[in-house]
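Structure first, then comments.
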Amino acid sequence: MNLPRAFEEKMKGLLKEEFQEYIDCYEEPRYYGLRVNTGKITVPEFQKICPFEIRPVPWIPNGFYYDGETVSPAKHPYYYAGLFYLQEPSAMTPASRLPVEPGDKVLDLCAAPGGKATELGAKLTGEGLLVANDISSSRAKGLLKNIEVFGIGNVLVSCEEPGKLAGFFPEYFDKILIDAPCSGEGMFRKDKKMVRAWEEHGPEFFSNIQRNLICQAAGMLKPGGMLLYSTCTFDSRENEQIIAHLLKEDPRFEILSIEPYEGFAPGMPEQAEEGPEELSRTVRIFPHRMKGEGHYLALLHKRDEKAGEELIDHAPSHTFTKTSAGRKERVPEELTEFWKHISRPLRPDRLEIRGDKIYEMPEGLPDLKGLRFLRTGLLLGELKKNRFEPSQALAMTLGKDSCDACIDLSCEDERVVRYLKGETLDVEDLAGGQAGGWYLVCVDGFPLGWGKVSRGILKNKYLPGWRICG
Ligand SMILES: C[S@@+](CC[C@H](N)C(=O)[O-])C[C@H]1O[C@@H](n2cnc3c(N)ncnc32)[C@H](O)[C@@H]1O
(Lines of atoms letter the chains of each structure in order from A and count residues from 1; the text may use other names and numbers.)
(Lines give C-alpha, C1' and ligand atoms only; values in the text may rest on other atoms or scores of the structure.)
Protein backbone atom coordinates (compact mmCIF):
# COMPACT_ATOMS: atom_id res chain seq x y z
CA MET A 1 0.00 0.00 0.00
CA ASN A 2 1.26 3.49 -0.85
CA LEU A 3 1.48 5.59 2.28
CA PRO A 4 2.43 9.29 2.27
CA ARG A 5 6.18 9.71 2.86
CA ALA A 6 5.65 12.21 5.70
CA PHE A 7 3.36 9.78 7.45
CA GLU A 8 5.87 6.93 7.17
CA GLU A 9 8.66 9.09 8.57
CA LYS A 10 6.51 10.07 11.51
CA MET A 11 5.60 6.44 12.23
CA LYS A 12 9.28 5.46 12.11
CA GLY A 13 9.96 8.02 14.84
CA LEU A 14 7.02 6.79 16.89
CA LEU A 15 7.52 3.03 16.56
CA LYS A 16 11.32 2.79 16.11
CA GLU A 17 12.28 -0.92 15.87
CA GLU A 18 8.62 -1.95 15.59
CA PHE A 19 8.16 0.10 12.44
CA GLN A 20 8.77 -2.75 9.96
CA GLU A 21 6.30 -5.00 11.73
CA TYR A 22 3.77 -2.20 11.55
CA ILE A 23 4.31 -1.68 7.82
CA ASP A 24 4.13 -5.43 7.16
CA CYS A 25 0.68 -5.60 8.71
CA TYR A 26 -0.69 -3.51 5.83
CA GLU A 27 -0.39 -6.70 3.76
CA GLU A 28 -2.76 -8.50 6.11
CA PRO A 29 -6.52 -8.34 5.56
CA ARG A 30 -8.64 -5.97 7.60
CA TYR A 31 -10.85 -7.30 10.39
CA TYR A 32 -14.63 -7.29 10.33
CA GLY A 33 -16.54 -7.05 13.60
CA LEU A 34 -20.02 -7.01 15.05
CA ARG A 35 -21.16 -5.99 18.51
CA VAL A 36 -24.11 -7.65 20.19
CA ASN A 37 -26.91 -5.39 21.45
CA THR A 38 -27.12 -6.54 25.06
CA GLY A 39 -30.24 -4.39 25.45
CA LYS A 40 -32.06 -6.99 23.34
CA ILE A 41 -30.23 -10.28 23.76
CA THR A 42 -27.54 -11.80 25.97
CA VAL A 43 -24.21 -12.74 24.42
CA PRO A 44 -24.67 -16.52 24.98
CA GLU A 45 -28.17 -16.37 23.45
CA PHE A 46 -26.82 -14.54 20.44
CA GLN A 47 -24.01 -17.08 20.01
CA LYS A 48 -26.65 -19.81 20.01
CA ILE A 49 -28.80 -18.28 17.27
CA CYS A 50 -26.15 -16.55 15.14
CA PRO A 51 -26.49 -18.12 11.69
CA PHE A 52 -22.86 -17.56 10.62
CA GLU A 53 -19.49 -18.22 12.21
CA ILE A 54 -18.24 -15.70 14.77
CA ARG A 55 -15.15 -15.56 17.01
CA PRO A 56 -14.89 -13.44 20.18
CA VAL A 57 -12.96 -10.17 20.14
CA PRO A 58 -10.82 -10.91 23.22
CA TRP A 59 -10.99 -7.46 24.83
CA ILE A 60 -14.70 -6.75 24.19
CA PRO A 61 -17.24 -8.90 26.08
CA ASN A 62 -19.94 -8.49 23.41
CA GLY A 63 -17.69 -8.11 20.34
CA PHE A 64 -17.10 -10.74 17.63
CA TYR A 65 -15.16 -11.14 14.40
CA TYR A 66 -16.85 -12.50 11.31
CA ASP A 67 -15.56 -13.26 7.84
CA GLY A 68 -16.59 -10.20 5.86
CA GLU A 69 -15.36 -11.76 2.61
CA THR A 70 -17.92 -14.55 2.74
CA VAL A 71 -20.86 -13.37 4.86
CA SER A 72 -22.99 -10.21 4.84
CA PRO A 73 -24.51 -9.83 8.31
CA ALA A 74 -26.19 -6.56 7.30
CA LYS A 75 -28.50 -8.57 5.05
CA HIS A 76 -29.72 -10.82 7.84
CA PRO A 77 -33.12 -10.10 9.48
CA TYR A 78 -31.44 -10.06 12.93
CA TYR A 79 -29.61 -6.92 11.81
CA TYR A 80 -32.98 -5.27 11.10
CA ALA A 81 -34.18 -6.45 14.52
CA GLY A 82 -31.27 -4.52 16.06
CA LEU A 83 -29.53 -7.56 17.57
CA PHE A 84 -26.08 -6.33 16.55
CA TYR A 85 -24.13 -3.40 15.11
CA LEU A 86 -21.35 -3.78 12.56
CA GLN A 87 -18.21 -2.18 13.88
CA GLU A 88 -14.48 -2.47 13.41
CA PRO A 89 -13.16 -4.26 16.56
CA SER A 90 -10.85 -1.48 17.85
CA ALA A 91 -13.70 1.02 17.46
CA MET A 92 -15.63 -1.01 20.05
CA THR A 93 -13.05 -0.14 22.69
CA PRO A 94 -13.97 3.46 23.73
CA ALA A 95 -17.60 2.72 24.68
CA SER A 96 -16.55 -0.53 26.38
CA ARG A 97 -14.01 1.32 28.58
CA LEU A 98 -16.32 4.14 29.74
CA PRO A 99 -18.02 2.72 32.86
CA VAL A 100 -21.60 3.75 32.18
CA GLU A 101 -24.17 2.65 34.78
CA PRO A 102 -27.97 2.50 34.42
CA GLY A 103 -29.35 5.86 35.55
CA ASP A 104 -26.35 7.89 34.37
CA LYS A 105 -26.70 10.98 32.25
CA VAL A 106 -24.39 10.31 29.32
CA LEU A 107 -23.24 12.52 26.44
CA ASP A 108 -21.76 11.25 23.20
CA LEU A 109 -20.54 14.52 21.72
CA CYS A 110 -19.55 13.37 18.21
CA ALA A 111 -21.91 10.48 17.90
CA ALA A 112 -22.86 9.86 14.25
CA PRO A 113 -23.51 7.29 12.93
CA GLY A 114 -23.88 5.79 16.39
CA GLY A 115 -21.28 3.04 16.68
CA LYS A 116 -20.51 4.08 20.23
CA ALA A 117 -23.79 5.77 21.18
CA THR A 118 -25.70 2.51 20.59
CA GLU A 119 -23.41 0.71 23.06
CA LEU A 120 -23.66 3.51 25.63
CA GLY A 121 -27.46 3.41 25.28
CA ALA A 122 -27.54 -0.38 25.70
CA LYS A 123 -25.50 -0.03 28.90
CA LEU A 124 -28.09 2.37 30.33
CA THR A 125 -30.77 -0.37 30.08
CA GLY A 126 -33.47 2.27 29.68
CA GLU A 127 -32.60 4.20 32.86
CA GLY A 128 -31.08 7.66 32.80
CA LEU A 129 -30.41 9.66 29.65
CA LEU A 130 -28.30 9.41 26.53
CA VAL A 131 -27.62 12.66 24.67
CA ALA A 132 -26.24 11.73 21.25
CA ASN A 133 -24.98 14.78 19.39
CA ASP A 134 -23.34 15.39 16.03
CA ILE A 135 -22.65 18.65 14.32
CA SER A 136 -23.69 17.27 10.94
CA SER A 137 -27.45 17.12 10.44
CA SER A 138 -27.25 14.58 7.62
CA ARG A 139 -25.11 12.26 9.73
CA ALA A 140 -27.38 12.81 12.74
CA LYS A 141 -30.29 11.33 10.75
CA GLY A 142 -28.40 8.04 10.41
CA LEU A 143 -27.54 8.26 14.10
CA LEU A 144 -31.20 8.56 15.07
CA LYS A 145 -32.08 5.55 12.94
CA ASN A 146 -29.39 3.39 14.52
CA ILE A 147 -30.49 4.43 18.02
CA GLU A 148 -34.09 3.57 17.18
CA VAL A 149 -33.18 0.22 15.63
CA PHE A 150 -31.31 -0.58 18.85
CA GLY A 151 -34.49 0.12 20.85
CA ILE A 152 -33.08 3.01 22.88
CA GLY A 153 -35.84 5.39 23.98
CA ASN A 154 -34.27 7.46 26.77
CA VAL A 155 -32.50 9.79 24.35
CA LEU A 156 -31.99 13.25 23.05
CA VAL A 157 -30.53 13.21 19.54
CA SER A 158 -29.19 16.68 18.86
CA CYS A 159 -27.38 18.32 16.03
CA GLU A 160 -25.55 21.17 17.61
CA GLU A 161 -22.23 22.92 17.73
CA PRO A 162 -20.64 21.73 21.03
CA GLY A 163 -20.04 25.27 22.31
CA LYS A 164 -23.76 25.90 22.10
CA LEU A 165 -24.62 22.55 23.65
CA ALA A 166 -22.43 23.48 26.61
CA GLY A 167 -24.75 26.42 27.37
CA PHE A 168 -27.68 24.03 27.85
CA PHE A 169 -25.87 21.43 29.93
CA PRO A 170 -23.43 23.04 32.38
CA GLU A 171 -21.86 20.38 34.65
CA TYR A 172 -24.77 18.10 33.81
CA PHE A 173 -23.38 14.74 32.66
CA ASP A 174 -22.03 11.82 34.69
CA LYS A 175 -20.16 10.40 31.69
CA ILE A 176 -19.02 11.92 28.40
CA LEU A 177 -17.55 10.29 25.32
CA ILE A 178 -15.68 12.37 22.76
CA ASP A 179 -14.96 10.23 19.74
CA ALA A 180 -13.28 13.13 18.07
CA PRO A 181 -13.14 13.94 14.36
CA CYS A 182 -9.52 13.15 13.48
CA SER A 183 -7.05 12.64 10.65
CA GLY A 184 -7.90 8.91 10.58
CA GLU A 185 -4.38 7.48 10.27
CA GLY A 186 -5.46 4.34 12.10
CA MET A 187 -7.98 3.56 9.37
CA PHE A 188 -5.63 3.63 6.37
CA ARG A 189 -5.73 -0.19 6.04
CA LYS A 190 -9.50 -0.43 6.42
CA ASP A 191 -10.33 2.40 4.09
CA LYS A 192 -7.88 3.61 1.45
CA LYS A 193 -9.89 6.81 0.95
CA MET A 194 -8.65 7.95 4.36
CA VAL A 195 -5.18 8.55 2.88
CA ARG A 196 -6.54 11.12 0.43
CA ALA A 197 -8.56 12.81 3.22
CA TRP A 198 -5.39 12.93 5.39
CA GLU A 199 -3.56 14.76 2.61
CA GLU A 200 -6.31 17.39 2.56
CA HIS A 201 -6.74 17.79 6.32
CA GLY A 202 -3.96 16.49 8.51
CA PRO A 203 -3.29 16.33 12.26
CA GLU A 204 -2.70 20.08 12.69
CA PHE A 205 -6.15 20.88 11.30
CA PHE A 206 -7.88 18.41 13.60
CA SER A 207 -5.87 19.15 16.73
CA ASN A 208 -7.29 22.69 16.81
CA ILE A 209 -10.84 21.32 16.66
CA GLN A 210 -10.06 18.68 19.29
CA ARG A 211 -8.66 21.21 21.78
CA ASN A 212 -11.92 23.12 21.61
CA LEU A 213 -14.04 20.00 21.81
CA ILE A 214 -12.36 18.63 24.91
CA CYS A 215 -12.62 21.94 26.79
CA GLN A 216 -16.27 22.38 25.81
CA ALA A 217 -17.02 18.83 26.94
CA ALA A 218 -15.13 19.38 30.20
CA GLY A 219 -17.57 22.15 31.12
CA MET A 220 -20.52 19.80 30.64
CA LEU A 221 -19.12 17.13 32.97
CA LYS A 222 -20.25 17.02 36.58
CA PRO A 223 -17.52 17.18 39.19
CA GLY A 224 -16.94 13.52 40.00
CA GLY A 225 -17.81 12.49 36.41
CA MET A 226 -15.74 10.67 33.80
CA LEU A 227 -14.79 11.58 30.27
CA LEU A 228 -13.41 9.25 27.62
CA TYR A 229 -11.55 10.83 24.72
CA SER A 230 -10.79 8.72 21.63
CA THR A 231 -9.46 9.04 18.10
CA CYS A 232 -8.57 6.62 15.32
CA THR A 233 -5.24 8.25 14.57
CA PHE A 234 -1.61 7.95 15.66
CA ASP A 235 -0.45 11.56 15.69
CA SER A 236 0.31 12.75 19.22
CA ARG A 237 -0.93 16.26 18.39
CA GLU A 238 -4.40 14.69 18.29
CA ASN A 239 -3.82 12.32 21.20
CA GLU A 240 -1.49 12.84 24.19
CA GLN A 241 -1.15 16.56 23.45
CA ILE A 242 -4.92 17.07 23.60
CA ILE A 243 -5.07 15.41 27.00
CA ALA A 244 -2.09 17.46 28.22
CA HIS A 245 -3.89 20.59 27.02
CA LEU A 246 -7.01 19.76 29.06
CA LEU A 247 -4.97 19.00 32.19
CA LYS A 248 -3.34 22.38 31.87
CA GLU A 249 -6.61 24.21 31.28
CA ASP A 250 -8.49 22.48 34.09
CA PRO A 251 -6.35 20.97 36.85
CA ARG A 252 -9.37 19.20 38.33
CA PHE A 253 -8.90 16.51 35.68
CA GLU A 254 -6.80 13.41 36.31
CA ILE A 255 -5.98 10.50 34.05
CA LEU A 256 -7.41 7.12 35.06
CA SER A 257 -6.15 3.68 34.14
CA ILE A 258 -8.11 1.84 31.49
CA GLU A 259 -9.22 -1.76 31.94
CA PRO A 260 -6.25 -3.53 30.37
CA TYR A 261 -5.76 -5.94 27.50
CA GLU A 262 -2.45 -7.55 26.60
CA GLY A 263 -2.42 -5.99 23.12
CA PHE A 264 -2.84 -2.40 24.34
CA ALA A 265 0.26 -0.20 24.22
CA PRO A 266 0.72 2.58 26.78
CA GLY A 267 0.25 6.23 25.82
CA MET A 268 3.47 8.14 25.15
CA PRO A 269 4.13 10.98 27.64
CA GLU A 270 7.32 11.90 25.79
CA GLN A 271 5.15 12.88 22.80
CA ALA A 272 3.59 15.77 24.73
CA GLU A 273 5.83 18.61 25.80
CA GLU A 274 5.54 19.02 29.58
CA GLY A 275 2.96 16.21 29.52
CA PRO A 276 2.70 14.29 32.80
CA GLU A 277 4.02 10.74 33.21
CA GLU A 278 0.40 9.65 33.80
CA LEU A 279 -0.18 9.94 30.05
CA SER A 280 1.19 6.41 29.96
CA ARG A 281 -2.16 5.34 31.48
CA THR A 282 -3.83 6.28 28.20
CA VAL A 283 -3.98 3.55 25.56
CA ARG A 284 -2.67 3.22 22.06
CA ILE A 285 -3.91 0.48 19.76
CA PHE A 286 -1.49 -0.49 17.00
CA PRO A 287 -2.62 -2.92 14.29
CA HIS A 288 0.63 -4.93 14.41
CA ARG A 289 0.12 -5.65 18.13
CA MET A 290 -3.50 -6.83 18.10
CA LYS A 291 -6.32 -7.75 15.75
CA GLY A 292 -7.86 -4.33 15.13
CA GLU A 293 -7.09 -0.99 13.50
CA GLY A 294 -5.27 1.98 15.05
CA HIS A 295 -6.87 3.91 17.94
CA TYR A 296 -6.11 6.05 20.94
CA LEU A 297 -8.11 6.41 24.15
CA ALA A 298 -7.82 8.32 27.39
CA LEU A 299 -10.11 8.06 30.43
CA LEU A 300 -10.31 11.14 32.63
CA HIS A 301 -11.92 11.94 35.95
CA LYS A 302 -13.02 15.40 37.06
CA ARG A 303 -12.30 15.75 40.76
CA ASP A 304 -15.10 17.07 42.90
CA GLU A 305 -13.17 19.59 44.94
CA LYS A 306 -16.16 20.86 46.88
CA ALA A 307 -16.82 17.36 48.15
CA GLY A 308 -13.16 17.10 49.12
CA GLU A 309 -13.01 14.13 46.84
CA GLU A 310 -9.57 12.76 46.33
CA LEU A 311 -10.17 9.35 44.96
CA ILE A 312 -12.37 8.41 42.11
CA ASP A 313 -16.01 7.90 42.94
CA HIS A 314 -17.67 5.38 40.65
CA ALA A 315 -21.13 5.82 42.14
CA PRO A 316 -23.57 7.18 39.58
CA SER A 317 -25.54 10.21 40.53
CA HIS A 318 -29.28 9.88 40.32
CA THR A 319 -30.16 13.41 41.25
CA PHE A 320 -32.04 14.90 38.37
CA THR A 321 -32.27 18.62 38.01
CA LYS A 322 -35.09 20.05 35.99
CA THR A 323 -37.46 17.57 34.51
CA SER A 324 -40.20 17.55 31.94
CA ALA A 325 -41.77 14.89 34.13
CA GLY A 326 -44.48 15.92 36.53
CA ARG A 327 -46.37 17.98 33.96
CA LYS A 328 -48.93 15.19 33.52
CA GLU A 329 -50.43 15.40 30.08
CA ARG A 330 -53.98 14.18 29.73
CA VAL A 331 -53.62 10.69 28.27
CA PRO A 332 -55.59 10.59 25.01
CA GLU A 333 -58.25 7.87 24.97
CA GLU A 334 -56.90 6.50 21.71
CA LEU A 335 -53.56 5.86 23.33
CA THR A 336 -55.14 4.30 26.44
CA GLU A 337 -57.12 2.00 24.16
CA PHE A 338 -54.04 0.94 22.18
CA TRP A 339 -51.97 0.48 25.32
CA LYS A 340 -54.36 -2.22 26.58
CA HIS A 341 -52.41 -4.53 24.27
CA ILE A 342 -49.02 -3.51 25.68
CA SER A 343 -47.84 -4.99 28.96
CA ARG A 344 -45.28 -2.26 29.67
CA PRO A 345 -46.76 0.44 31.96
CA LEU A 346 -47.61 3.76 30.36
CA ARG A 347 -46.08 6.67 32.28
CA PRO A 348 -48.51 9.61 32.15
CA ASP A 349 -45.98 11.74 34.07
CA ARG A 350 -43.52 11.27 31.20
CA LEU A 351 -45.83 11.91 28.25
CA GLU A 352 -45.41 14.92 26.06
CA ILE A 353 -47.75 15.70 23.17
CA ARG A 354 -46.49 17.92 20.37
CA GLY A 355 -48.95 18.37 17.53
CA ASP A 356 -50.19 14.87 16.68
CA LYS A 357 -47.13 13.15 18.08
CA ILE A 358 -46.86 11.58 21.52
CA TYR A 359 -43.49 11.11 23.19
CA GLU A 360 -42.32 9.35 26.33
CA MET A 361 -39.71 11.71 27.71
CA PRO A 362 -36.61 10.81 29.67
CA GLU A 363 -36.32 12.17 33.18
CA GLY A 364 -34.32 15.28 33.94
CA LEU A 365 -34.03 17.12 30.61
CA PRO A 366 -33.46 20.86 30.92
CA ASP A 367 -35.39 23.37 28.84
CA LEU A 368 -34.23 22.82 25.26
CA LYS A 369 -35.64 25.95 23.65
CA GLY A 370 -33.21 27.08 20.96
CA LEU A 371 -31.37 23.76 20.69
CA ARG A 372 -31.32 21.97 17.34
CA PHE A 373 -32.48 18.39 17.87
CA LEU A 374 -33.95 15.51 15.88
CA ARG A 375 -35.57 13.63 18.72
CA THR A 376 -36.31 13.95 22.40
CA GLY A 377 -37.37 10.76 24.11
CA LEU A 378 -39.23 7.87 22.54
CA LEU A 379 -41.77 8.66 19.85
CA LEU A 380 -44.70 6.44 20.87
CA GLY A 381 -46.83 7.25 17.85
CA GLU A 382 -49.30 9.63 16.27
CA LEU A 383 -52.90 10.56 16.85
CA LYS A 384 -54.83 10.28 13.61
CA LYS A 385 -58.57 10.83 13.27
CA ASN A 386 -59.72 9.22 16.51
CA ARG A 387 -57.07 6.53 16.46
CA PHE A 388 -53.53 6.02 17.60
CA GLU A 389 -50.83 4.76 15.21
CA PRO A 390 -47.85 3.25 17.03
CA SER A 391 -44.40 4.25 15.80
CA GLN A 392 -41.59 2.14 14.39
CA ALA A 393 -39.39 3.31 17.26
CA LEU A 394 -41.88 1.99 19.83
CA ALA A 395 -41.91 -1.44 18.16
CA MET A 396 -38.12 -1.62 18.46
CA THR A 397 -38.22 -1.04 22.23
CA LEU A 398 -40.68 -3.85 22.88
CA GLY A 399 -40.15 -7.54 23.50
CA LYS A 400 -42.27 -10.21 21.87
CA ASP A 401 -44.14 -10.74 25.13
CA SER A 402 -44.88 -7.07 25.71
CA CYS A 403 -47.60 -7.03 23.05
CA ASP A 404 -50.58 -9.38 23.17
CA ALA A 405 -50.99 -9.33 19.39
CA CYS A 406 -47.88 -10.70 17.78
CA ILE A 407 -46.93 -12.42 14.56
CA ASP A 408 -43.70 -14.25 15.10
CA LEU A 409 -42.01 -15.45 11.92
CA SER A 410 -39.03 -17.77 11.76
CA CYS A 411 -36.01 -16.21 10.07
CA GLU A 412 -36.29 -19.00 7.47
CA ASP A 413 -39.78 -17.81 6.53
CA GLU A 414 -39.69 -15.95 3.20
CA ARG A 415 -42.30 -13.54 4.59
CA VAL A 416 -39.62 -11.92 6.78
CA VAL A 417 -37.80 -10.43 3.80
CA ARG A 418 -41.07 -9.57 2.13
CA TYR A 419 -42.13 -7.75 5.30
CA LEU A 420 -38.86 -5.81 5.32
CA LYS A 421 -39.50 -4.84 1.69
CA GLY A 422 -42.87 -3.40 2.67
CA GLU A 423 -45.08 -6.03 1.03
CA THR A 424 -48.57 -7.04 2.13
CA LEU A 425 -48.54 -10.56 3.64
CA ASP A 426 -50.91 -13.45 3.94
CA VAL A 427 -50.84 -14.36 7.65
CA GLU A 428 -53.99 -16.47 7.76
CA ASP A 429 -51.97 -19.36 9.28
CA LEU A 430 -50.71 -17.16 12.15
CA ALA A 431 -53.48 -14.68 12.86
CA GLY A 432 -56.43 -16.02 10.89
CA GLY A 433 -58.67 -16.91 13.80
CA GLN A 434 -57.73 -13.91 15.89
CA ALA A 435 -59.05 -10.39 16.12
CA GLY A 436 -57.95 -7.83 13.53
CA GLY A 437 -55.93 -4.71 14.39
CA TRP A 438 -52.33 -3.86 15.15
CA TYR A 439 -49.81 -6.68 15.36
CA LEU A 440 -46.18 -6.61 16.38
CA VAL A 441 -44.24 -8.44 13.65
CA CYS A 442 -41.24 -10.36 14.99
CA VAL A 443 -38.48 -12.53 13.67
CA ASP A 444 -37.70 -15.42 16.04
CA GLY A 445 -39.22 -13.38 18.87
CA PHE A 446 -37.47 -10.07 18.10
CA PRO A 447 -39.64 -7.17 16.89
CA LEU A 448 -39.18 -5.77 13.39
CA GLY A 449 -42.16 -3.42 13.25
CA TRP A 450 -45.93 -3.19 13.03
CA GLY A 451 -48.60 -4.53 10.72
CA LYS A 452 -52.35 -4.21 10.65
CA VAL A 453 -54.28 -7.42 10.18
CA SER A 454 -57.69 -7.81 8.67
CA ARG A 455 -59.16 -11.18 7.57
CA GLY A 456 -55.80 -12.92 7.54
CA ILE A 457 -54.03 -10.23 5.49
CA LEU A 458 -51.29 -8.08 7.03
CA LYS A 459 -51.09 -4.52 5.82
CA ASN A 460 -47.44 -3.57 6.08
CA LYS A 461 -46.59 -0.76 8.52
CA TYR A 462 -42.81 -1.15 8.44
CA LEU A 463 -41.39 2.36 8.27
CA PRO A 464 -41.05 3.24 4.54
CA GLY A 465 -37.62 4.85 5.01
CA TRP A 466 -36.24 1.65 6.55
CA ARG A 467 -37.47 -0.76 3.90
CA ILE A 468 -35.16 -2.99 1.87
CA CYS A 469 -35.06 -1.92 -1.75
CA GLY A 470 -35.27 -4.36 -4.65
C1 LIG B 1 -15.10 9.75 14.43
S2 LIG B 1 -16.62 10.32 13.88
C3 LIG B 1 -17.71 9.71 15.10
C4 LIG B 1 -18.03 8.27 14.96
C5 LIG B 1 -19.07 7.82 15.96
N6 LIG B 1 -18.66 8.13 17.32
C7 LIG B 1 -19.32 6.34 15.86
O8 LIG B 1 -18.76 5.58 16.63
O9 LIG B 1 -20.13 5.96 15.00
C10 LIG B 1 -16.55 12.00 14.28
C11 LIG B 1 -17.88 12.74 14.14
O12 LIG B 1 -17.66 14.05 14.63
C13 LIG B 1 -18.52 14.92 13.93
N14 LIG B 1 -17.94 16.26 14.14
C15 LIG B 1 -17.02 16.93 13.43
N16 LIG B 1 -16.77 18.13 13.98
C17 LIG B 1 -17.56 18.20 15.06
C18 LIG B 1 -17.77 19.18 16.04
N19 LIG B 1 -17.09 20.34 16.02
N20 LIG B 1 -18.68 18.92 17.00
C21 LIG B 1 -19.38 17.76 17.05
N22 LIG B 1 -19.21 16.77 16.13
C23 LIG B 1 -18.31 17.02 15.17
C24 LIG B 1 -18.51 14.40 12.51
O25 LIG B 1 -19.69 14.80 11.84
C26 LIG B 1 -18.41 12.90 12.73
O27 LIG B 1 -19.68 12.31 12.65
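Any Cβ shown, glycine's included, is placed from N, Cα and C.
Secondary structure at C232 (active site, nucleophile), taken from DSSP and collapsed to helix, strand or coil, is coil. Around C232 (active site, nucleophile), the C-beta neighbours below 8 angstroms that are at least 6 residues distant in the chain are S90, A91, C182, G184, E185, G186, M187, E293, G294, H295, Y296. Among the features that TrEMBL reports, active site, nucleophile is placed at C232.
According to TrEMBL, the feature S-adenosyl-L-methionine binding site maps to C110, A111, A112, P113, G114, G115, K116, D134, D179. Look at C110 (S-adenosyl-L-methionine binding site): DSSP puts it in coil.
In this model, the domain 'SAM-dependent MTase RsmB/NOP-type' (22-303) carries an average pLDDT of 97. The annotation domain 'SAM-dependent MTase RsmB/NOP-type' is assigned in TrEMBL to 22-303.
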Non-local Cβ contacts of A112 (S-adenosyl-L-methionine binding site) (under 8 Å, 6 or more apart, same chain)?
D134, S136, R139, A140, G142, L143
Cβ packing number for K116 (S-adenosyl-L-methionine binding site), 10 Å threshold:
26
Output field, S-adenosyl-L-methionine shell: CB within 8 Å of site CB centroid, site C110, A111, A112, P113, G114, G115, K116, D134, D179 dropped:
D108, A117, A132, R139, L143
